[in-house]
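What follows is a short report on a single structure.
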Amino acid sequence: MATLGDIGVAATINIITAIIFLLAFAILRIQPFNDRVYFPKWYLKGIRSSPLHSGALVSKFVNVNLGSYLRFLNWMPAALKMPEPELIDHAGLDSAVYLRIYLIGLKIFVPIALLAWSILVPVNWTSDGLQLAKLRNVTSSDIDKLSISNIERGSERFWTHLVMAYAFTFWTCFVLMKEYEKVASMRLSFLQSEQRRPDQFTVLVRNVPSDPDESISESVEHYFLVNHPDHYLTHQVVYNANDLADLVEKKRSTQNWLDYYQLKYTRNQDQRPRIKTGFLGLWGEKVDAIDHYVAEIEKLNDQIMEERKKVKKDDKSVMPAAFVSFKTRWGAAVCAQTQQSRNPTEWLTEWAPEAREVFWSNLAIPYVSLTVRRLIMHVAFFFLTFFFMIPIAFVQSLASIEGIEKSASFLKPIIEKDLVKSVIQGFLPGIVLKLFIIFLPSILMVMSKFEGFVSLSSLERRAAFRYYIFNLVNVFLGSIITGSAFEQLDSFLKQSANQIPRTVGVAIPIKATFFITYIMVDGWAGVAGEILRLKPLIFFHVKNFFLVKTEKDREEAMNPGQINFHATEPRIQLYFLLGLVYAPVTPVLLPFIIIFFALAYLVFRHQIINVYNQEYESAGRFWPDVHGRIISALIISQVLLLGLMSTKGAAQSTPFLIALPVLTFFFHRFCKGRYEPAFLRHPLQEAMIKDTLEQAREPNFNLKPYLKKAYIHPVFKDDEYEDVRSEVSGYYLGDTDDECVTVPTKRQSRITTPAASHASGGSMRSPS
């Protein structure tokens, strides 16, 4: 069990590590040759130019200004200087809302820590429960005297913890409600002020019923001209182009190798590069590398052209889905938020994601198979979660003094030394757990892709939810169970049955020492390592030396990255869980959590301003998940406190504690009904206002060509195709395509068709 000295050693190691990372970053960021690594966002915006293009030869690579080294910490105030409205314009609402997760952590835990340290810590410290306990085999340390474990059984002092639990709950709920209200308001304002985007007018339609007389495209056009005659504009069917996408990706990879060998040849023209054509270039016939890859690209070009024609002509390549665009946002909102058919499994509509966040390969998955896929992943995740606990418990048992002495007895003379013992008990368990789950977010993202979600934001939200559940079961509950019940097994076997709950009640808060070490490893050193960007730094210079020939190549080599919501948000939620659980039990944990939230807010604000370039913008769509998980952590903390108090002879306080999770649940229901609709549905009133204002400002804007190519699969776009969001200058054509359209249908049945068996569309008029 870690002592106060062990915690001090772990804190020293992690503080020194964090300082080294921050100092390395401060020096590397001001070197001209690293400018694109630490400021890529400004390059992508076209605001910053490379310092390598001007000045003396030495100053192009090394910063010779000594004054800049003295001001190496100026990035900290600079990161805090940009106001939130400017940050939203610069990086998007998703980034600004993500930062508010760290702010809400500070808002919750700073007042709670002040209250806990001024009231609970003195109450715990001045008790004698650990000395008076008859559980002789339960070990403890000085740090446990600050926890509820030091309160003797049946003491009236437990009423202090009960009152503090109510205070912590009310404060947390108050902060959550204010933040939910603020973020919902920010989202609505952002959507209202946002510039025109294709997804504002577009709906994704799935499970289009097959018709023997019409193609999918004809069915979609006919259906929407009949049922949305005043607002339907155009549509784009969805193709199964996964094989074509694989060929395009293979061509891109081959082109990279060709660029590499061409660059290599330009640097040394005495000898043309040669490669072996066998597996990984290890064996096979030796050929000219440049000629080989030129021939491969020509062959791939032919295959791509053939596959494109095949996909376009083959009806089996057309999926029963389409992106349907409307003349107004109001029309799209009505379609996306209503049932289209008496059969609720057909003509399913939802808001189309941004074109840049569509996960195209999953659109080719038949809708009927999605339920089966999700059932398979639920079962797979169940086994992943619970079987993962076995190796985690095993590895953590080895990362202890007793485990090492048992498995490697010859190391006993070394590990019994005070410093080595402190490192093992205070540092090793946290770093082992961190390393063991390092690949988990990638595994969970693969599982989400298999489930068939069609947007990057939905993929990340599902992976984040599963990562949170995994952390709850394995990192939190698993560490408590293996860390308390297993360690005290000998004590259990020698006690009467009615003593065992008391042992668990005392041992669970003692496990706080392990979580303190984990917070320092993951939350302090880990966050400091994020700002250093060591992996992107190395990769950029390797690519810059071997592959880069043009400015476009250099841009691609920058790899600014983005906020990996599925990996970072569940980690933040673990700290909310730890803080809320241990606030009334072991308040000594709270300062470590507060340092994490403060440091992470500073680091990620800097990264969002200068580095990250988000792939998509969901306008804070993930906030209900954030709110719900904090509420879950709050209820878990209340239930665990209830169980702990029942083992401490405080039965008279139990009825008062039962009310807390009930009140918290009803608070969550209130927030869900009051604020969550802003994240799920778009108000028709807001859509009409935006349509009316836009029509007044740009009466001659022709929307149809603007939307027609918005949702074409990337593999069908020409290389010189530009994003339609920037192609607005050519859309003012005067004619808005409002004239009456009559489309004959080939359908023989008239079940869903007017008597004339024609679909008519009139001029656009305001909805009544």
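Any Cβ shown, glycine's included, is placed from N, Cα and C.
Unlike curated records, TrEMBL annotations are generated automatically.
Computed from a predicted structure; not experimentally measured.
Quick look at what TrEMBL annotates:
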- 6-28: transmembrane segment (TRANSMEM)
- 101-120: transmembrane segment (TRANSMEM)
- 158-177: transmembrane segment (TRANSMEM)
- 200-362: domain 'CSC1/OSCA1-like cytosolic' (DOMAIN)
- 290-317: coiled coil (COILED)
- 373-645: domain 'CSC1/OSCA1-like 7TM region' (DOMAIN)
- 375-394: transmembrane segment (TRANSMEM)
- 427-446: transmembrane segment (TRANSMEM)
- 467-486: transmembrane segment (TRANSMEM)
- 574-604: transmembrane segment (TRANSMEM)
- 653-671: transmembrane segment (TRANSMEM)
- 744-768: region 'Disordered' (REGION)
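Residues 215-216, 239-241, 243-244, 247-248, 250-251, 254-255, 257-258, 261-262, 265, 272-273, 275, 277, 715-716 of the same chain sit 6 or more residues outside the coiled coil (290-317) yet have a Cβ under 8 Å from a Cβ within it. Regional average pLDDT for the domain 'CSC1/OSCA1-like cytosolic' (200-362) in the model is 88. With a cut-off of 8 Å between Cβ atoms, the residues of this chain six or more beyond the transmembrane segment (101-120) that come close are 160-161, 164, 167-168, 171-172, 175-176, 179, 569, 572, 575-576, 579, 583-584, 587, 590-591, 593-594, 597-598, 600-601, 604, 626, 630.
For the transmembrane segment (653-671), the residues of the chain that approach it from at least six positions outside its boundaries are 158-159, 162, 165-166, 169, 173, 176-177, 180, 627-628, 631, 634-635, 638-639, 641-642, 645-646, judged by C-beta separation under 8 angstroms.
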